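Participant: Reproduced below are the annotations present in TrEMBL:
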DOMAIN    23-387  domain 'SAM-dependent MTase RsmB/NOP-type'
BINDING   138, 166, 262  S-adenosyl-L-methionine binding site
ACT_SITE  324  active site, nucleophile
């Protein structure tokens, strides 16, 4: 695709948006050359040849990201046997890099604060194996339901919990931590969580039918547990124990080891997302991406997500903040305000980034993937550590 032809297809308002944010419009010319990425589920390495014969091309191993392979952009994987049987995932390499930046170790308790649609959540669980736990949170009920479907497809739900909740106010800490002060009397322990089932109690179904179920929950909406595995720390707890409000000192000791905040954004770094507006209409782009009030609201949301994710981190734990926007306002500006307001937050090096094919951000120790430099979707990544004061 010719550079001039590609940028001419973009509306003037979007080109002005790119210019005002210092984004090179030529990244939108690379849609036909950016490869498709897949991740092989651990333990299924021998199936790559079977997949190769099915798609009639050889996947190329990605040397800077373990378990990832590239395919030509025109290859479709949804109908392949390997994908349908849960042996491969479709996930962009930049998203995989954000997960690797966490430095997940055996036994970690990990929080994915904006979990839908679930590819990163599954990668976290694959990295943990038979240890630790992952808690997935999302405000969109239907999108989190898709996460639950992924967990079941890839048989990864045993150490996972999923909560429909607003990520800016979510407060449930790992594994149903319960201090001595919240031990229940015997009669109060009768109503405990048992093994998860997809069939909800009759009273709950009746209440939902009567009141309706919001697809996107508000800050005031209490967290709703829609899935939990057998070793996620939920079975045997009462609701009071699971949802107990932990003190600052309790979080410092019993909070999450790792937190990922892949925040809601304008998605301007995702070429495939922007390309969809050709079908959706550029007026929709104006409303979702370019509207000044919308971007101001997003900045506040991103800061609040980052702040709450960091609040739930134990002392010594690490948080990764990422967005698929390439604008400074949604990345470095959010970071700078967050660092001013949180004296225990330290911006840290990302060890894995030494081999990443990407550019440094405007602040040292931050990184930016983009289609031209990285041959991936656009993504901003930064990592913080909670220090002892």
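Each Cβ is built from the backbone N, Cα and C atoms, and glycine gets one as well.
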Participant: Taking the centroid of the Cβ atoms of 138, 166, 262 as the S-adenosyl-L-methionine site, which other residues of that chain lie with their Cβ within 8 Å of it, listed in sequence order?
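Facilitator: Everything else in range on the chain: 113, 114, 115, 116, 137, 139, 140, 165, 167, 264, 305.
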Participant: What's the CA to CA span in angstrom from residue 166 (S-adenosyl-L-methionine binding site) over to residue 324 (active site, nucleophile)?
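Facilitator: About 20 Å separate the Cα atoms of these two residues.
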Participant: Including all protein chains displayed, how many Cβ atoms other than that of residue 262 (S-adenosyl-L-methionine binding site) lie within 10 Å of its Cβ?
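Facilitator: Result for residue 262 (S-adenosyl-L-methionine binding site): 22 other Cβ atoms within 10 Å.
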